[in-house]
Amino acid sequence: MTLSALFLALLLGWVIAPGAFSTHHPLEAVGTSLASPGGEFWFGTDLNGRDVYSRVVHGARLSLLAGVVAVLISLVVGGLLGMIAGYIGGFADAVISRTVEVLVSIPGMLLSLAIISVLGFGVDKVAIAVGIAGIPGMVRIARAETLRIVNLPYMDAATTSGTRRLTGIITHVVPNASGAIGVVAGIDLGGAILAVASLSFLGFGAVPPEPEWGSQINEGRMYIANAWWWTLFPSIVAGLTVLSVNRLSRGIGTKENR
């Protein structure tokens, strides 16, 4: 868990000040084409002589921010709908739950692709698509947590005292459900980063030469036999990011449950 936190702290530095961590300009040719990793170019160079390490560092901003935006969309919209369904119940619960059941039956990546076909290409569109695709899962988590809270004794007292539904959600449900929902959102962040990278790999996200992990992996796949570093290093960083986010989120969740 400590190593995960340190690695994520390093990534945060890449996002905030990529120039302080990179060794070369990410868009300029600074060496020979497909130079292998060494002292000057830690991750080697790509076909155009650009430093792969610097592009990975600068690509962290697009990849991570897109994942965060996606999770925020699913967290806000899905969390709100789930709380409404669990707290109000009745017709609202039936409509929201049936809609979610239909959407959950569709694979998340397929749903994201369908949304992208409507919104268009680009990292921002990919983030929105991944966020919308994550709403059904968040609704189910928020609804289940809300139902647990609603059945607690103090909620009966609040209802008996005449607390309004909106007030009850804001003052009782949100504070008590935020911990569990936040842990799930943290775990979902890893999946969102991976989904954004996957869609960029397929060509729906960042447009070259803009540095982004998924697009970098896609660019280097045709040269993996002769320039393995071009694909390998962005893949390793993306994989470690997902693992670190999941490890840290699960560690926090374990402490919350003690």
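Note that Cβ sites are derived from N, Cα and C of the backbone, with glycine treated the same way.
Positions annotated as transmembrane segment by TrEMBL: 59-88, 100-120, 126-142, 180-207, 227-248. The domain 'ABC transmembrane type-1' annotation in TrEMBL covers 60-249.
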Is the count of Cβ pairs under 8 Å between the transmembrane segment (100-120) and the transmembrane segment (227-248), pairs 6 or more apart in sequence, 3 or more?
no
For the transmembrane segment (180-207), could you work out the same-chain residues 6 or more beyond its ends whose Cβ comes under 8 Å from its Cβ atoms?
62-64, 66-68, 70-71, 74-75, 79, 108-109, 112-113, 116, 121-123, 125-127, 129-131, 133-134, 137-138, 141-142, 145, 213-215, 217-218, 238, 241-243, 245-246, 248-250, 252-253, 256
For the transmembrane segment (59-88), what are the same-chain contacts with Cβ under 8 Å, counting residues 6+ beyond its ends?
11, 14-15, 18, 26, 96-97, 123-124, 126-128, 130-147, 150, 165, 168-169, 173-174, 177, 181, 185, 188-189, 192-193, 195-197, 200, 205-206, 210-214, 216, 234, 237-238, 241
